[in-house]
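Asks: Below is one structure. I have some questions about it.
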Amino acid sequence: MVVVVLLADFDVSWRVSTVAEIKTAFALELEQGQLVVLHVPQEMYPPYTGLKRNYNDLPERVSFRSKQNLDYSFLILYSASLGQYYLQIEDDVFSAKNFLSTIKRRVAEQEAKKTTWAMLEFSALGYIGKLYKSAQLPLLARFLFLFYQEMPCDWLMSRFRDLMTQKEPILFKPSLFQHMGTFSSFQGTYNKLKDKDFEEQYTNPPAEVYTDMSSYKKHFPKLAWDAGEDFFWGRSPEKGNHLTVVFRGPTLVTGIMVETGSGGKDLLESAQVEIGHDVITTEKDRSCKEFQTVGTFKNGLFEIQEMDKKYTSASSCLRIQITAAQKDWLIITKIRISTKLRTSTNQA
């Protein structure tokens with residue numbers, strides 16, 4: 001992997017000081033060619049002020065996004081010969097710890113399917129986490145350069161994907177990159193964009209998962225609990241069906257988030273979420289002796305935070321209880337909880 005950094009600002013003093021910092025911090029990576037830093041002189045840029053105001057944008061906004069397209073064009077063209085694939089990210093992102101191995105696996109899956117693709121997306125935000133084949137980078141660079149003043153870069157990339165005959169976006173979840181910056185490089189405006197599907201390396205506490213709903217193929221209930229992209233897929237649930245998580249040990253739960261459905265289909269229509277105490281074992285599975293309801297689903301989603309303010313004791317179970325039958329099948333994409341250590345009042 002080669003990391004390419006474009007210093008896009010024309011401020012000479014800033015550029016000199018930034019290069020000095022990079023040389024100090026990453027001397028070995030620079031020497032070994034793992035890090036490349038480049039700058040494009042201003043005279044290489046076409047005009048990016050006084051342009052037409054598409055979408056009624058302010059002139060300053062038009063100049064900003066037009067120069068940004070040109071920056072990307074130069075960066076992409078330079079990178080075309082450095083590897084087999086090119087990943088576009090921004091300078092204020094946080095990456096999942098397994099991002100490189102995950103991308104390699106996803107690329108291998110696409111190649112095995114022999115599908116036509118021009119861009120794989122590993123984040124839903126802007127121009128972050130977009131993967132291209134290096135063989136197509138000269139085309140992409142020319143495309144951005146040719147239409148640099150027409151629209152923002154994330155709109156242009158969608159047009160490029162369509163022109164390369166990839167009809168639909170190929171977006172993978174969970175996202176591998178999270179936007180960390182809080183201020184836009186455009187006039188320092190506040191920017192709170194976050195990718196809701198980002199998971200750095202999430203791990204629920206150890207638990208066993210049981211359900212009396214019929215699973216479709218290998219979409220078992222434990223997959224909704226474990227980190228990753230797999231999910232539980234069950235046939236039409238009936239009233240009284242459940243999915244129960246039994247913790248390995250008492251757990252003080254502070255937050256619960258459950259997502260269901262895919263593309264607006266197979267949502268959980270009517271259910272409540274409960275926490276339980278006192279584990280019991282039956283012939284078929286394990287559960288808890290008693291439960292208390294903490295809330296209900298709304299539009300296929302359930303989320304609650306700061307539970308420990310009301311439910312102060314540790315729980316042994318988490319149960320999703322179906323409260324009405326539905327015709328549609330059910331997908332539970334993820335169950336995520338937040339916890340905290342219990343404090344003891346015992347003294348030695």
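Here the Cβ of each residue, glycine as well, is placed from N, Cα and C on the backbone.
Taken from TrEMBL, the feature domain 'MGAT4 conserved region' covers 1-198. The domain 'MGAT4 A/B/C C-terminal' feature in TrEMBL is assigned to 207-333.
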Asks: Could you break down the residues of the domain 'MGAT4 A/B/C C-terminal' (207-333) into DSSP helix, strand and coil, giving a count for each?
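Replies: Result for the domain 'MGAT4 A/B/C C-terminal' (207-333), in helix, strand, coil order: 7 helix, 69 strand, 51 coil.
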Asks: Averaged over the whole of the domain 'MGAT4 conserved region' (1-198), what is the pLDDT?
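Replies: Overall, the domain 'MGAT4 conserved region' (1-198) comes to a mean pLDDT of 88.
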